[in-house]
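Annotated features, as they stand in TrEMBL:
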- A:ASP82, A:ASP84, A:ASP86: Mg(2+) binding site (BINDING)
- A:CYS83, A:CYS99, A:CYS106: Zn(2+) binding site (BINDING)
- A:35-107: domain 'Phosphoribosyl-AMP cyclohydrolase' (DOMAIN)
Protein chains: 2
Amino acid sequence: MAEPERALTPESLRYNTDGLVAVVAQQYDTGEVLMVAWMDAEAVRRTLASGEVTYWSRSRAEYWRKGATSGNTQRLVELRHDCDGDALLALVDQTGPACHTGTRSCFDPGRRIAGAGAEQPVSGPAQ
Amino acid sequence: MAEPERALTPESLRYNTDGLVAVVAQQYDTGEVLMVAWMDAEAVRRTLASGEVTYWSRSRAEYWRKGATSGNTQRLVELRHDCDGDALLALVDQTGPACHTGTRSCFDPGRRIAGAGAEQPVSGPAQ
């Protein structure tokens, strides 16, 4: 370890000015990144206490237990924070599609950014 | 596909009120989530044009080509947006540790959130 670290709690994370941290949900066994959403301290507590991942919906301004209506729940396997405590990685077991569009991941491979360089192979034959 | 989608460009992403989108960097071949950082439209353009992942540093208020000083660069393999265009997934090839603390990932396994439920196994013998 490069430096000693103390364990962070739901209360000691570094929330933004809206009281939120970004959360990356990753399927625990395949490594697939499923989605990015937000939690406040209460959502972190609910997630840890229930084992069901619960976000704060910025658009609806309410707690959102993932899959509460769709059935596509996220069972929590492990919740980690990053080095500066302002982002979380939720290792989850996702039932069904994580994305409201019906794709497994919100970062479906079809959703590439279009722009300069995007069409160029990363490594390929010199031209 | 559940709905038709049009390709997003660096200009048509949904930036927050600070002009930023959250970016998840993932090692392209192992699936390891390395870090979460931020890009503005110019950082997205620079990343696509150069193939070297470039963030906007909120603390230093400047562009930050990952590894420019440390040598621990992130070569871009693919850049995807999520379903609502306000988060990015950068599939990268990370040289060395991604984290300034020296760990490979900023979400080092030692950085678990402490709190209710965190010590309980997800599935285990009934007690």
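Keep in mind that glycine also has a Cβ here, set from the backbone N, Cα and C atoms.
Curation plays no part in TrEMBL annotations; they are all automatic predictions.
Everything TrEMBL records as a feature, shown here on the structure.
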residue : record              : contacts (Cβ under 8 Å, 6+ apart)
A:ASP82 : Mg(2+) binding site : A:LEU88, A:LEU89
A:CYS83 : Zn(2+) binding site : none
A:ASP84 : Mg(2+) binding site : A:ARG14
A:ASP86 : Mg(2+) binding site : A:LEU13, A:ARG14, A:TYR15, A:ASN16, A:VAL21, A:ALA22
A:CYS99 : Zn(2+) binding site : A:LEU34, A:MET35, A:SER105, A:CYS106, A:ASP108
One finds that other Cβ atoms within 10 Å of the Cβ of A:CYS106 (Zn(2+) binding site) number exactly 24
DSSP says what for the domain 'Phosphoribosyl-AMP cyclohydrolase' (A:35-107): how many helix, strand, coil residues?
10 helix, 30 strand, 33 coil
